[in-house]
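Visitor: Provided herewith is a single structure, encoded as structure tokens, for subsequent inquiry.
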Amino acid sequence: DFGRSSELAFVVEPSDDIAVQEQPLILYCQVEGIQPITITWRKNGVMILDSENAFMLANGSLYVSRFQRVRADGSSDEGEYDCMAQNHYGLVVSRKAKIQAATMSDFHIHPQNAVVEEGGVARFQCQIHGLPEPVILWHKNSMPVNTDNERYTLLPKGVLQITGLRAEDSGIFHCVATNIANVKFSREARLTVSGSHSTVYKDPMILVGPENLTLTVHQTAVLECIATGNPRPIVSWSRLDGRPIGVEGIQVLGTGNLMISDLTVQHSGIYVCAANKPGTRVRRTAQGSLVVQAPAEFVQHPQSISRPVGTTAIFTCVAQGEPPPQITWLRNGQILETSDHIKLKNNNSTLSIYGINQADEAIYQCLAENSAGSTQASARLTVLWADGLPSPPQGVRAETVSATTIQVSWEKPLQNTKEIIGYVLHIRKAADPIEMEYQEAVSKSTFQQLVTDLEPSTSYSFYIKAYTSRGASKASEVTVVSTLGEVPAMPSLFIKVINSTTVQATWEPSIKLGQHKGFKLYYRKVHLSQYTGPVLLASNVTAYNITHLDASVVYEVKLLAYNQHGDGNSTVRFVSLRETVERTVLNPPCDCMKDEQNNKTSTTGIIIGIHIGVTCIIFCILFLMFGYRGRLLMCKSVQEPLSTPQIPRSQRSAMGLVLNGATRRDRDDRDLNGKQLDMNELERLFPASPSQEQQEKGITSAHSPSAPHDEMQISTLPLDEFSIIEEQLDPLPKNPRGSSPAAPAPNHGPANEG
């Protein structure tokens, strides 16, 4: 590194210019760096040879004696010029300078006659194109317009505004356009001021609003807005995005024109002109956009670097501008071509050179360019090479060991081997970019390396460098070899019994299987040696049903994955369908539709039965109640011959107990005058349900919760009014002892009793 003064760099670069026809033109170029330095010029990429019309000065500048837009042979001196400088270390190219001829067209907009009432607003306009931009001045009655009059406003684009018109403003107007190429006059236009100032109300109205403008930083923008109305409207400005316009560099021309000086990119936006009626919210608006461009400029320049052979060199070049600039890299003045060891990243902002060698030593330039301008910066790469370094390792060989392992071997360099401290093996997938390369260090006494953890069926490139304390040797020759293919791994297998003759084999797709084309499925009865299969299944299939099996035997199911390299290891499962058959016999499958219908029928029958039972109970209760009342009336009216002897009152209570709860033995033994009392009739009228234990012991409890009917009989039948009627009845067979007391007895009384 010889210091900055040794760097080949431009002190002065050619700049854009506008040349005058038949006038001389000078393009400047000044370079610094280690001599000798050779300077040459190009126009539109073609070398310029010294001639009578164009030649290079001693200081490196280009002199054009008579600039011509179009020569007799059809050529032109207009174009893009650049300067190239070269020394022992490399070549640099200057920015491109755009040279144009000064011109002026005819007026394409002339001022027009106007008749405006007193107090109104008059506007004249003329437009003309030229390089450089023509300066337009206005004349009234062949005399320059007095710009000191605040009612007269001259805008840069050839507009004249006159506000608050008076009679003396009438006259003949024309404009004069001037630049280095020519001077031209427009047609004349007459302004007539009529009548007196009107007091009739008029809504605010914008006669002319702002135009869309595209300018470059540091220029001046004028946004026109002229409004009329009575009373005179107030003109205001705002940004559509709500951001403040600011005050620095802002000026109002005339009654409402906005001028922004020294433009920056932040001034870009949409501007809104509003004409407001004083004291009200009545307003009219117009808007126009302002785009401010900025030529490319560097935020970070590339820096010159020195790197040993075999290492990586990185240059960084960051530029900004509006619109965002495009970055291009040059190597010794020529567009840089990318390759395996030269890469561009981050929108060309980063240049990386891998495994550099002496051929990479050069000057690298970064060109940033957009529609507003271009710029360049350069840096030099110096490749360090020490004398006495080892020559490249010899005889590099790579042999495939397995699907994931390759063995690399080599021989020591032919020259300068005494200072070798080790070797570095550079490894990369052949399809990967060079920045994906990685290294493995090897001792100086080792001439082979087993590279593991590689991918199957993949090509890898290898090369070796020998290292000393002073640097590395050049890279050996590159050898490329592929790993062996690998069969897929064992799949996971699960067996599910579907029914007595079918099982389902399922497995899960997994990245651990590796590359595979599909699956093979086998199955057999365990006592047989022959498999059924293979059943070939695609790689995306994850289940298969095996049908028509014999439920009485055990089956073996085997699954494996395969690819172009062969079959992988298989997964084996055993399955028996016997338990499924036994469960089917013990729990036969139901006819769901039939059971559902039966359930519906059974439920309907239960509901109907409940309704019938409730209805019967109600009718029985009603029958007993009405029949009992009729029976009492009959007992009151019976004559003496038909009645039994009265029982003393002292025995009635006991008799009532007997009637309500006497044991069957007492009833069987009782016989009055050879006549047997029909207890079945009483039991029919007053049914009771004493427990079996109570019947055995002859005990009756009128208040037992288990005998609700007894409670009803005691509360509704006072024994003081009760008498027993003896009837001549045929002997009835006694009920068996175990019969239910609630069973109804045959009724031998009259059919209409009660």
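Cβ from N, Cα, C; glycine included.
TrEMBL does not curate its annotations; it predicts them automatically.
TrEMBL lists 643-653, 689-704 with the feature compositional bias 'Polar residues'. The feature compositional bias 'Basic and acidic residues' is assigned by TrEMBL to 663-673. If you look up TrEMBL, you'll see 738-754 marked as compositional bias 'Low complexity'. Marked as domain 'Ig-like' by TrEMBL: 8-100, 105-192, 204-287, 295-382. Residues or ranges marked as domain 'Fibronectin type-III' in TrEMBL: 392-486, 487-583. Here TrEMBL flags 643-754 as region 'Disordered'. What TrEMBL records for 606-628 is transmembrane segment.
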Visitor: Residue counts in helix (H, G, I), strand (E, B) and coil for the domain 'Ig-like' (105-192), per DSSP?
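Guide: The breakdown for the domain 'Ig-like' (105-192) reads 3 helix, 43 strand, 42 coil.
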Visitor: Counting only CB pairs under 8 A, let me know which of 8-100, 204-287, 295-382 has the most with the domain 'Fibronectin type-III' (392-486).
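Guide: The listed stretch sharing the most Cβ pairs with the domain 'Fibronectin type-III' (392-486) is 295-382.
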Visitor: Which of 8-100, 204-287, 487-583 shares the most C-beta pairs under 8 angstroms with the domain 'Ig-like' (295-382)?
Guide: 8-100
Visitor: Work out, from DSSP, the number of helix, strand and coil residues along the domain 'Fibronectin type-III' (487-583).
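Guide: Across the domain 'Fibronectin type-III' (487-583), the residues distribute as 9 helix, 50 strand, 38 coil.
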